[in-house]
Structures are given as C-alpha cells and as structure tokens.
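**Student:** Following this message is one structure expressed as structure tokens.
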Amino acid sequence: MNKLVFCLMGPTASGKTGLACELLTHFPFEIISVDSAMIYRDMNIGTAKPSIHELQRAPHYLIDIKDPVESYSAAQFCTDALSLCAEIIKRGNIPLLVGGTMMYFNALQKGLATLPEADEAVRKRLEEEALSQGWDFLYQKLSQLDPVTAARIHAHDTQRIQRALEVYYLTGSTLSTYLTGPHEQPDYYFVNLALFPEQRSWLHERIAQRFDAMLSEGFIEEVQQLQAKWPIQINLPAMRCVGYRQILEYLAGHYDYETMREKGIAATRQLAKRQLTWLRHWEGALFYDSQNVGFNTDIIAKIREILDNTVSN
C-alpha cells in the first residue's frame, strides 16, 4: 500500500472536486491538484477553484502556487507531485491526484520524454509561415503530420502548435511518438478512476450552466482585477485557460457580451472534448459515468476493494 497512488481524472464540469471532497470522508487521502489553471493565484472564479469552505474541508496541494504572469511546465509538475506523494505516504496517508490536465497525468505516470531543445531557426521559420499563411494553416498541417497531438491541443494554442511542429521538423518524429515512447517511470502503482459522462449533451449543458454561473459570480470583474494587478497579456500561459482569453478580448472591444459568452462556452466544450480523447485511450482506467445516480457509491466501493486487497496481499 505504501506505493499506491489514486488518480481521479475527468473532463471539466464532470464533478471531480465534489467527489474528491466526499472521498476524504471515507479514506486517508490527501489531495494533489492536477490542474494547469488552478495553479494561478487570483484566478478563482474562471478556474472553478474549490471554495474556501471546500479547501478547509479538503486541502489541495498545488493550488495558488504561481502568479498569473509566471509559467509552469509538466516537468515542474512531476517534480512537485512526486515530492508530495513521498511526503503523504511517509505520513501514512494515500495520495489522491485530482484534475483534468491530462498532459500532467501522462507525464507523471509514463515519464517525460527527452525532447530536443528549442531551435530559433525553426521557430522563426514557423512564425514566418504563420504570418503568411495563418495559424489555422499550421494547425491543419499538424493535424496531417501528427493527428494524435492535434486532437489534444486547441486550434488556437499557437505555442503548442509551434512546439509540436518544431519537434517534428527537428527529429522527423511526432510529439505523440515521444510522449508514448518508453521513459523512466516513477516507482508507484497508479489507480486511475475516470469520470466519463456518456451523454455529451448532459456535459455540454453543465458546461453552459457553469459558465453562466461564473459570469454571475463576477468572472469579468476577476479578469479586470487581474489586469489592474498584473501586466496581463493575451499570450501568457495563464490566459490559455478557457474563458479568460474570451473575456480579455471582450474587454478589448473585439466582440459583444453575448459573443464572448458563446465563445467561452464553446472553448470549454472543446477542452472537454480533448480531455475525453485522452481518457478514451487511457489504458487500464476504471470508467464511471458521473451522470448516473450512485456513481460515487460505486467508486467508494471500488477503492475500498482495492485497499482491502492491497492490505491482505
């Protein structure tokens, strides 16, 4: 049991946070957040960060660890998460990793690939091509060269599009090949519990309702406060978080409120689609439909069964 790590993964708005808080009442878990948006301070509403009350009941590690103008990589996450896992296990508890940043889960469990260093000449060539042809053209090129990676990143995520194409041009191999290749893996046994709503319409409706709730709770004001406090630019990694980019563009006068709302909801649904793509191909995951009544009871029973078997063995 001293090498057992549970992972609760799933798309945005599938109910991960509420379930994680419930699991803490049944098991000696300590929660590590696996969310590339919740790492940022002052970004609370738009990231659906657990409430103060929830954090008092169920503290989360790796929340509020970076300023919005800072960056954070999958490699940094692995270092932090593995260190926390060791500390939690040393205290006699069990790590529970909760979130939807599938690239972090992948890097943690399968190891990080040794990717080539950035090449200024290749990057300049790609930027010139983007200026002349547009980033949509480069995204389509990536979709042809590496459809697996293209399906996992947003069509407007220029930084990741550029990096994926750069890796291909430098090595002749796709980024997805690197990520799925054999790497040094941590000495833990990961149990992957995946929330996987079968009805996309149910998830889409929840996403729309949650985005509207965020707007009502002051999402726009939160972005304005970020602008007042930090030198916020649209190309910052923090502004890749869904909703923030759309509100920034709305505040800049690029489109009206209703268009911003529609774009924010659409971007969140696209994020959920990419997360589900990761999960669909996740080997050995235990899938639960969070739309079903009693799914949490099924998960609790499975965890108890795994822990009982681990102790008896």
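Here the Cβ of each residue, glycine as well, is placed from N, Cα and C on the backbone.
What Swiss-Prot lists as ATP binding site is Gly10, Pro11, Thr12, Ala13, Ser14, Gly15, Lys16, Thr17. Look at Swiss-Prot and you will find Thr12, Ala13, Ser14, Gly15, Lys16, Thr17 tagged as substrate binding site. Swiss-Prot lists 35-38, 159-163, 240-245 with the feature region 'Interaction with substrate tRNA', giving sequence analysis as the kind of evidence. For Thr101, Arg123, the entry in Swiss-Prot reads site 'Interaction with substrate tRNA', with the evidence type sequence analysis.
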**Student:** Take the region 'Interaction with substrate tRNA' (240-245) and average the pLDDT across it for me.
**Tutor:** 95
**Student:** Just how many other Cβ atoms lie inside 10 Å of the Cβ on Gly15 (ATP binding site)?
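**Tutor:** Around the Cβ of Gly15 (ATP binding site), 19 other Cβ atoms lie within 10 Å.
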**Student:** Of all the recorded positions given, Thr12, Ser14, Thr17, Thr101, which residue's CB has the most CB neighbours within 10 A?
**Tutor:** Ser14
**Student:** Near the substrate site, what residues other than Thr12, Ala13, Ser14, Gly15, Lys16, Thr17 in the same chain have a C-beta no further than 8 Å from the centroid of the listed C-beta atoms?
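**Tutor:** Those within range, site residues removed, are Gly10, Pro11, Gly18, Ala48, Gly100, Leu195, Ser290.
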**Student:** For the recorded positions Lys16, Arg123, work out the Cβ neighbour count at 10 Å and name the residue with the minimum.
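**Tutor:** Result for the recorded positions Lys16, Arg123: minimum number of other Cβ atoms within 10 Å at Arg123.
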**Student:** Including all protein chains displayed, how many Cβ atoms other than that of Gly10 (ATP binding site) lie within 10 Å of its Cβ?
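**Tutor:** Result for Gly10 (ATP binding site): 26 neighbouring Cβ atoms inside 10 Å.
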**Student:** Cα distance, Arg123 (site 'Interaction with substrate tRNA') to Gly15 (ATP binding site), nearest Å?
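**Tutor:** Per the Cα atoms, Gly15 (ATP binding site) and Arg123 (site 'Interaction with substrate tRNA') stand 39 Å apart.
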**Student:** Expressed to the nearest Å, what is the distance separating Arg123 (site 'Interaction with substrate tRNA') and Pro11 (ATP binding site) at their Cα atoms?
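**Tutor:** Approximately 32 Å lies between the Cα of Arg123 (site 'Interaction with substrate tRNA') and that of Pro11 (ATP binding site).
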**Student:** In whole Å, note down how far the CA of Thr101 (site 'Interaction with substrate tRNA') lies from the CA of Thr12 (ATP binding site).
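**Tutor:** Checking the Cα atoms of Thr12 (ATP binding site) and Thr101 (site 'Interaction with substrate tRNA') gives a distance of 9 Å.
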**Student:** When you measure from the Cβ of Pro11 (ATP binding site), how many other Cβ atoms are you left with inside 10 Å?
**Tutor:** 29
**Student:** Nearest to Thr101 (site 'Interaction with substrate tRNA') by Cα, among Gly10, Ala13, Ser14, Lys16, Thr17 (binding-site residues)?
**Tutor:** Gly10
**Student:** Using the Cβ center of Gly10, Pro11, Thr12, Ala13, Ser14, Gly15, Lys16, Thr17 as the ATP site position, which other residues in that chain lie within 8 Å, going by their Cβ?
**Tutor:** Gly100, Leu195, Ser290
**Student:** Name, in the order they occur in the sequence, the residues of the same chain whose CB lies under 8 A from the CB of Ala13 (ATP binding site) and which sit 6 or more residues away.
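**Tutor:** In sequence order, the residues whose Cβ lies under 8 Å from that of Ala13 (ATP binding site) (at least 6 apart) are Ala48, Leu203, Arg206, Ile207, Arg210, Thr268, Ala272.
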